[in-house]
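Report on one structure; see the data block that follows.
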Amino acid sequence: MISKNIFASALCKNKAGFPHCKTGAKRTLQTATSDYMANSYEAVQLSQPEEHNLPSKTITGIPLRGMLLGAPGAGKGTQTERIKNYFDITAVSSGNLLRQNIAMNTQVGIIAKEIIERGDLVPDNIMVSLIENELAKIHNQNWLLDGFPRNVEQAQALDRMLENYNCPLNMVVSLDVPQDIIIARITERYVHIPSGRVYNLTYNPPVVPGVDDITGEPLVHRPDDNPDTFRLRLDKYNRITSPLLDYYAKKGVLRTYSGNTSDIIFPQIYNLLSNIFIM
C-alpha cells in the first residue's frame with residue numbers, strides 16, 4: 001500500500017505559491033456566466049465564426065482555472081492546442097506530467113512506471129501530488145487541466161487544494177462527440193509515444209507520413225486503437241465520468257459542447273472564454 005505522505009517532498013507547501021483570487025471574483029464570475037450556466041447539460045449551438053477570423057485575446061480580470069473533459073479520441077489534445085493558440089493559457093496534462101517524471105526517474109516517476117507496467121491505474125494520491133506541484137509552479141498564470149481529475153475523488157481533492165488558496169475551479173468543458181465518430185477517428189490515429197503527441201490521418205496528419213513533426217521520430221498506431229477494444233474503453237470512461245459530470249454540474253461550472261469535429265466545437269469554446277474571462 002502506498003503511503004499518502006510518500007510524495008510530500010514533491011508538493012509546494014507554501015500557500016503563497018498560489019495567489020488569492022481578487023475579492024468579489026467569484027460573484028463576478030457568477031454574473032458573467034449567468035447566460036451560459038443556466039443549464040449545465042445543454043449543448044448550446046453558438047454562431048460558428050471562421051477560425052482564421054478569430055482574434056487572439058488576453059484573459060483579464062477573472063483568472064481562468066479550467067479543465068477539459070472528454071472521452072478518449074474526443075479531441076481534448078486538439079482543443080487544448082487551439083485554446084493555447086488564441087488565449088494566454090498554460091495547459092497542464094496529467095499524461096505529460098507522468099511521462100516527464102518517468103523519463104526523469106523521479107521518485108514519483110519510478111513508482112508510477114512500476115504501477116503502469118503492471119497494468120494498474122496510477123493511484124489518486126500520486127496524481128494529486130503531480131498536479132499540485134505543477135500548479136504551484138504556474139500559480140500566476142491562467143491554466144487548463146487535461147486528463148485530471150478522472151473521478152469524483154480526484155475532483156474533491158482538487159477542490160480542497162484550490163479552496164486552500166481561495167481560487168476554485170471556475171470552468172469545466174465537456175466535449176460531447178458521438179461514439180461512432182470517435183471509433184472512426186481512432187482507426188486513423190498515430191502517436192509519438194515519448195511526447196504523447198497525437199496525429200490523425202484526416203484531421204491533423206504529420207507533415208511527413210509516419211514521422212513526428214517535432215522530433216522526426218517514428219509514430220506508432222497503438223495496438224488497442226481498434227474498434228472492439230476502444231468500445232470497451234469508452235464504456236468504462238462513461239461509467240467513471242458520469243458521476244464527475246454530475247459533480248461539476250451541481251457546482252454550476254460545467255458546459256457541454258457537441259459536435260462531430262473539433263472545427264465545430266472550438267468556436268463554441270472560444271465564445272465561452274471570450275464572454276466570461278475577457279473584461
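Even glycines carry a Cβ here, placed using N, Cα and C.
Annotation note: ARG189 (GTP binding site) sits in a strand segment as assigned by DSSP. Note: ARG189 (GTP binding site) has non-local neighbours GLY73, VAL198, TYR199, ASN200, HIS221, ARG222, ASP225, i.e. same-chain residues 6+ apart with C-beta under 8 A of its own C-beta. Summarising the annotation, TrEMBL assigns GTP binding site to GLY73, ALA74, GLY75, LYS76, GLY77, THR78, ARG189, VAL198, TYR199, SER262.
The AMP binding site feature in TrEMBL is assigned to SER94, ARG99, ASP120, LEU121, VAL122, GLY147, PHE148, PRO149, ARG150, GLN154, ARG222, ARG233. Cβ neighbour count for ARG150 (AMP binding site) (all protein chains, 10 Å cutoff from its Cβ): 18.
What TrEMBL records for 189-224 is domain 'Adenylate kinase active site lid'. Confidence in the domain 'Adenylate kinase active site lid' (189-224), given as mean pLDDT, stands at 90.
Mapped onto DSSP classes, the region 'NMPbind' (93-122) shows 21 helix, 1 strand, 8 coil. Annotation comment: TrEMBL describes 93-122 as region 'NMPbind'.
Panel annotation: around the region 'LID' (188-225), residues 73, 77-78, 93, 95-96, 99, 103, 233, 261-262 of the same chain, lying at least six beyond its termini, place a Cβ under 8 Å from a Cβ of the stretch. Among the features that TrEMBL reports, region 'LID' is placed at 188-225.
Take SER94, ARG99, ASP120, LEU121, VAL122, GLY147, PHE148, PRO149, ARG150, GLN154, ARG222, ARG233, the residues named in the record as contacts for AMP: the widest Cα to Cα gap among them comes to 27 Å.
Every protein chain shown contributes to the tally, and the Cβ of GLY73 (GTP binding site) ends up with 23 other Cβ atoms within 10 Å. Reduced to three states, the DSSP call for GLY73 (GTP binding site) is coil.
Long-range C-beta contacts of VAL122 (AMP binding site), restricted to its own chain and to partners at least six residues apart, with a cutoff below 8 Å, comprise LEU98, ALA112, ILE115, ILE116. The most densely surrounded of the binding-site residues GLY75, GLY77 is GLY75 (count of other Cβ atoms within 10 A of its Cβ).
Calculated from their C-alpha atoms, the gap between SER94 (AMP binding site) and GLY77 (GTP binding site) amounts to 12 Å.
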